[in-house]
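Below is one structure, written out as structure tokens; the observations come after it.
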Amino acid sequence: MWKLLMPLLALVAFGGGATFPANKELLECASQILYMDQHSYQVPTDYNRNIPPGKNTTVYIGVNIIRVSGVDENKQEITLDVFLQVSWTEDRLNVPHRVPFIDLPWEFRQLIWTPDLYIWQLQTMKILSVLQEMASLRLYANRTVTVSIGATITIKCDMDFVLYPLDVQNCDIDFGSYKYTTEDVRFEWREVARWLGLGPVGNERSEFRLPKYVVTFVTAKSNHIHIFGEGEHSAARMQIILSRELRSYLLESYLPSSLFVIISWGSFCVIPEIVPGRMVLLVTTLLSLVTMFDTVSTNSPDALELKCIEVWLISCTIFVFLALLEYFVVLFGIRYDKSWSRRRQDLRRAASAAQLGPPPLHINHLQRLSTPVTGTPQGGMFSPTLSVEDEGLKQQFEHQAIQRDSPILESIPPGGRATGFVTRMRGIIDNGVMFCGAQHGALDKYALMIFPMCFLLFNVIYWTTYLS
């Protein structure tokens with residue numbers, strides 16, 4: 001051992017503590033010194049590190065999730081602290097007899113073949129280190145090579161926030177090769193105990209709870225294929241499922257907005273004449289919902305369409321606005337209640353007078369022609385005068401002129417199908433305004449029943465649609 005150690009120390013002293021690039025001779029020397037107590041290890045002279053161990057080589061992937069460091073919804077990224085294990089069978093390497101495994105220096109990986117592992121959704125990767133980098137290379141007696149790395153990785157995840165906060169995000173992470181096709185290398189999950197250094201069991205689920213998410217990891221047994229370049233490339237897929245914690249959203253958004261809508265129904269129980277109290281209740285509720293909608297839209301992630309929670313808040317705002325609009329209709333009816341009541345009474349008196357009036361007048365034209373008409377010329381004009389027998393006719397003409405000039409009957413057009421329809425419509429509007437402006441609050445009574453039923457129906461449709 002000292003024969004090998006002295007030349008190495010002389011080389012370091014000659015370099016004055018300088019660092020040299022790794023080369024085959026130096027690495028082999030270091031490995032022999034490290035394992036001299038067991039057996040010296042040398043790479044076979046005919047070994048070619050650029051060629052895979054054989055056709056259809058299987059590379060096993062294992063990932064132990066230590067923690068979920070964070071989820072960035074704006075950047076659509078997930079940061080994980082993991083232990084990554086990659087293993088494959090290398091028949092060209094031998095382990096000394098009765099030695100279960102050999103821990104090789106990390107630099108030794110440059111002397112042997114290693115798979116060109118590519119993580120498709122990887123953004124950044126940083127190997128963890130304390131006193132040294134958390135990376136190891138081990139050769140087992142069954143000629144299995146295992147590479148273990150402790151790292152912090154950032155994964156890009158395509159997220160869709162249309163169903164926010166009822167959304168469930170599914171992120172796929174594919175571990176594969178960018179150079180070798182399925183004829184040369186295949187990637188699979190290692191089905192061993194998870195703490196023996198080679199990853200989780202297939203289809204095993206691991207959950208991590210965050211303040212806003214429940215993060216679940218699922219490994220798929222089926223092999224996934226990516227087609228690009230020279231053909232089909234194998235990949236082992238792990239799926240990350242992000243489910244939101246709905247409790248905070250229910251307490252912070254859904255419950256307050258529902259209470260605001262329910263409070264707006266209390267305005268139906270307030271006497272319409274108390275304008276300040278009822279207006280303050282409705283306007284304050286409406287402004288609170290608008291402020292809540294603005295806050296949620298600002299703090300929530302962006303989406304291509306209206307998000308689920310935005311649809312809820314907009315609907316609650318519309319319910320409160322309709323309650324305010326109903327109060328405007330009531331105020332309109334109260335304002336014109338007296339004038340519409342007087343007009344209705346005048347219409348009834350006019351109808352009664354028409355029924356109790358004198359019979360229609362029949363004039364004998366021969367008699368009218370024989371009746372002398374007297375008059376006196378005034379300023380070149382002749383002013384006729386009626387005789388005493390025409391006094392009844394004169395009174396009837398005056399009565400009809402008064403009825404024609406009355407503004408009350410202006411709304412009653414002469415008979416006919418079209419005019420009859422207009423008359424009925426005006427009567428319906430008259431009754432509607434009288435109903436809205438009734439002092440006993442008939443419209444508020446009906447609104448107090450209709451609004452809760454509509455809101456309940458909206459809840460059934462909303463939750464059924466989005467939860468399914």
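These residue numbers are counts, starting from 1, taken along the chain as shown.
Cβ atoms here come from the backbone N, Cα and C positions, even for glycine.
A quick note: this is a predicted structure, and the numbers were derived from the prediction, not measured.
Looking at the stretches 132-152, 153-173, 279-299, the one that TrEMBL records under the feature transmembrane segment is 279-299. Tertiary proximity for the transmembrane segment (446-465) is limited to same-chain residues at least six positions away from its ends with a CB under 8 Å from its CB atoms, namely 261, 265, 268-269, 311-312, 315, 319, 322-323, 326. Counting residues of the domain 'Neurotransmitter-gated ion-channel transmembrane' (254-343) by DSSP class, helix then strand then coil, yields 76 helix, 0 strand, 14 coil.
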